[in-house]
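> Questions regarding the structure given below will be posed in turn.
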Amino acid sequence: MEFSVKNGSVEKQRTGCLVVGVYEPRRLSPAAEQLDKLSDGYLSNLLRKGDLEGRVGQTLLLHNVPNVPADRVLLVGCGKERELTERQYKQTIQKMVQVINDTGSTEAICFLTELHVKARSVYWNIRFAIEAIQENGYQYNEFKSVKPEIRRELRKIVFNIANRKDLTVSEQAVEQGKAVALGVIAAKNVANCPPNVCNPKYLSGLAKGLAKEYDNITTTVLDEKEMAALQMNAYLAVSRGSENDAYLSIIEYKGSPNPAAKPIVLVGKGLTFDTGGISIKPSDAMDEMKYDMGGAASVYGTMKAIAEMKLPLNVIGVLAGCENMPDGNAYRPGDILTTMSGLTVEVLNTDAEGRLVLCDTLTYVERFDPELVIDVATLTGACMIALGNHNSGLISPNNTLANDLLNAAEQADDKAWRLPMGEEYQEQLKSNFADLANIGGRLGGAITAGVFLSNFTKKYTWAHLDIAGTAWKSGAAKGATGRPVPLLSQFLINKAGV
């Protein structure tokens, strides 16, 4: 899809479809009012007859509107004026695309980005519209023998802006919106890939592919022999039951004009399939455990997005690829593992494997002397119980970093909620036989998992995002969401100051 912006009068637009808003109850938006005057009251006459009330999601497609040069005019309901929320705005944008795709139009000029969305700017309206449109058109058909028929559909959208002074920021919104949407799609494609294809080696191949695609990215991959030499014993214990070797992929993006600038490090849990190991999961919905690499997928997508945007930052993305399978060689409940940091961990449940992979990875990234580290993981079912599918869980001992992430989450409409930390949660991780237990009991499971990781992050500023509830959807709409690529991308945009 091609996107652009311009500043022009609605009555002069020659296009396949002109899109304007209608407020509830039956009130024309400013752009629609101009069309109404041009057409001698044609639109207002239709509203008086009750053809469109203006509720969010309602549409009315018109042909041959008097004196209007556009082939079609699409009226889109926008709800009550000045009360439009982000969610409703997304509905209006996606409904617009759905309707136009059912016509013969391949291009459209959209005036919906001129609408007032609560506490949002023109920049946000345009960027979010692009992300919503790309999300609406996403399909994963890689493994279908009969591909859906590709029909003539919308290929170009021009967003009109009311004030010429907003052109520069609007053009930036287009470029950043396209990049973030591309990152989200990349993350979805990786996460949706079946586990018999997307194993840890496949994941490392994708990481290497970024280095070939972008000049300012280099990729290093560690195999199990190299990890063993580094004493990454907890990570490797999880991998022991699988015939697919573990691989740790390090993607280095250098965009800062100061090559010595400390990097921001993103660590993604990459369990390409998680059976639970010896503590095996129930069979119901186990197929969805291919999404246990959602953290790695989102880091991969974010690295792609920032490379597209050419952000002036140094960022390192780490994909911790591994598979947790039951086998005669698999690690067991009761095992005690010596981590790369030297701390020992008693395994009480082999299905709490993500934190074992991450603890060694978090120790490994100390060598980069990072400005800060954010790990992203589908870590706990407890986070899903606590926050549902709407908010990612956030844990950090650093208020500044936590607030920066929450601010980015709000800006990107990729919500997160901060969970507490404290010594009392550390108490739940005590072991009679080792420095730590790998689980802390049923209560506060999302928090104790994050607190467990905090023991391996003492040498840098750190935050943890638990995306177990937000990385994918179940049911009829089953599939990866690409979250939290928008949150992470926005955080990095803010850090870059662009």
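Using N, Cα and C of the backbone, Cβ positions are placed for all residues, glycine too.
Fair warning: this is a prediction, and the values are worked out from it, not measured in the lab.
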> E353, E366, E371: which one does Swiss-Prot list with K269, D274, D292 for the Mn(2+) 2 site?
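It is E353, as the record lists it for that site.
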> I need the nearest neighbour of K281 (active site) among the recorded positions K269, E353, R355, using C-alpha distances.
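For K281 (active site), the spatially nearest of the recorded positions is E353.
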> Given the recorded Mn(2+) 2 site (K269, D274, D292, E353), which additional residues of the same chain have their Cβ within 8 Å of the Cβ centre, ordered by sequence?
V238, L271, M289, M293, C322, N324, G354, V357, A377, T378
> Long-range same-chain neighbours of K269 (Mn(2+) 2 binding site), Cβ under 8 Å, sequence gap at least 6?
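Long-range Cβ contacts: D292, M293, G294, G295, A296, A320, G354, V357, L358, D375, V376, A377, T378, L379.
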> Of all the binding-site residues given, D292, D351, E353, which has the fewest Cβ neighbours within 10 Å once its own Cβ is left out?
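So among D292, D351, E353, the binding-site residues given, the one with the fewest Cβ atoms within 10 Å is D351.
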> Hey, for the Mn(2+) 1 site built from D274, D351, E353, who else sits with CB inside 8 A of the CB center?
V238, L271, T275, G276, G277, S279, K281, D292, N324, T350, A352, G354
> Between D351 (Mn(2+) 1 binding site) and D274 (Mn(2+) 2 binding site), what C-alpha distance do you get in Å?
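A Cα-Cα distance of 8 Å.
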